[in-house]
Amino acid sequence: MNLSAAEEESAQEIHIPADIDWEMLDKSKFFLLGAALFSGVSATLYPVVLVKTRQQVAQAQLSGIRTTFSIVKHEGFRALYRGFGTSLTGTIPARALYMAALEVTKSNVGSATLKLGVPEPTAAAIANAVAGLSAAMAAQLVWTPIDVVSQRLMVQGSHPSCSSPCRYVNGIDAFRKILNTDGPKGLYRGFGISILTYAPSNAVWWASYSVAQRLVWGGIGCYYYKKDDESNENGSNMIRPDSKTVMAVQGVSAAMAGGVSALITMPLDTIKTRLQVLDGEENGRRGPTIGQTVRNLVKEGGWLACYRGLGPRWASMSMSATTMITTYEFLKRLSAKNQESLM
């Protein structure tokens with residue numbers, strides 16, 4: 001589906017480069033380049049994710065900055081990348097599955113809704129929401145075990161304030177010990193709530209992104225219309241934004257959508273992290289249920305405890321969304337079979 005946005009009351013029309021759907025992509029180039037590009041994005045944002053995870057499992061409320069300084073002071077700078085190797089190993093197949101499900105669903109749902117006579121803006125929002133939902137559910141099949149292992153590694157450390165004893169040598173050791181202690185279900189702890197967290201989060205994000213883009217492009221169209229009203233004698237009403245403007249709009253729209261999604265799904269993410277990090281069945285003792293986890297959080301700091309780590313998560317999701325979408329759109333253009341058709 002092509003995205004073309006304009007203010008209806010203005011006579012301006014913004015010509016945006018054509019969207020690239022699944023059929024237009026060189027699949028091998030898409031997945032190979034995607035693995036490289038998104039590995040770089042993951043490496044950049046990983047320390048923020050680690051700080052957010054530490055805040056969520058801590059018994060007391062600490063700011064993201066104080067948590068970061070505490071980690072660096074007592075455990076060294078390398079501690080900010082604890083578990084990164086494991087996370088990266090899972091990110092590549094999970095991201096590939098995510099991108100495939102996203103593009104296939106978006107293309108099919110978008111075409112189907114347009115055929116039903118749904119207006120193009122609404123069809124775009126629906127297609128993006130359904131695609132985000134299906135992509136998140138597909139990716140969690142791979143990502144949940146990696147998430148469990150990497151988060152266990154994230155929270156272990158030598159400092160007393162760390163909520164987990166230092167007992168895992170590396171990701172393979174953590175994987176083996178979790179499997180021996182809890183069996184396969186230990187690796188999929190929190191899978192249900194992960195789906196409840198990431199599926200709606202992705203649906204909200206992609207739908208919000210679609211709406212945000214239209215709002216931003218509408219504002220740009222209105223700006224150009226007023227500008228032309230003041231100094232325009234020509235009758236041209238077609239605006240052709242350059243690639244930098246397109247990328248800037250995508251980045252701003254992604255950040256707006258990321259902030260909305262982070263705020264809505266934060267309590268679920270905190271509960272999910274607690275469930276995945278806490279030990280399971282050991283010496284006849286079972287890990288806490290979702291209800292017990294919620295009660296423990298409320299007891300520790302009231303309902304606001306469910307929003308621990310909101311600052312880093314908001315920053316992480318906004319930065320991740322901005323870098324992800326600009327990288328993703330760049331990736332799609334690099335992977336397009338026919339470059340000339342994109343102009």
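Using the three backbone atoms N, Cα and C, a Cβ is placed for every residue, glycine included.
Quick look at what TrEMBL annotates:
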REPEAT    27-108  repeat 'Solcar'
REPEAT    123-215  repeat 'Solcar'
REPEAT    245-334  repeat 'Solcar'
TRANSMEM  30-51  transmembrane segment
Folded-back contacts onto the transmembrane segment (30-51), same chain, C-beta under 8 angstroms, at least six residues removed: 64, 67-68, 71, 79-84, 87-88, 91-92, 95-96, 99, 154, 309, 312, 315-316, 319-320, 323-324, 327, 330-332, 334-335
Tally of residues which DSSP labels helix, strand or coil - the repeat 'Solcar' (27-108): 73 helix, 0 strand, 9 coil
Model confidence over the repeat 'Solcar' (123-215), averaged pLDDT: 82
DSSP-assigned states of the repeat 'Solcar' (123-215) in counts, ordered helix, strand, coil: 74 helix, 2 strand, 17 coil
Helix-strand-coil residue split for the repeat 'Solcar' (245-334), DSSP-based: 75 helix, 2 strand, 13 coil
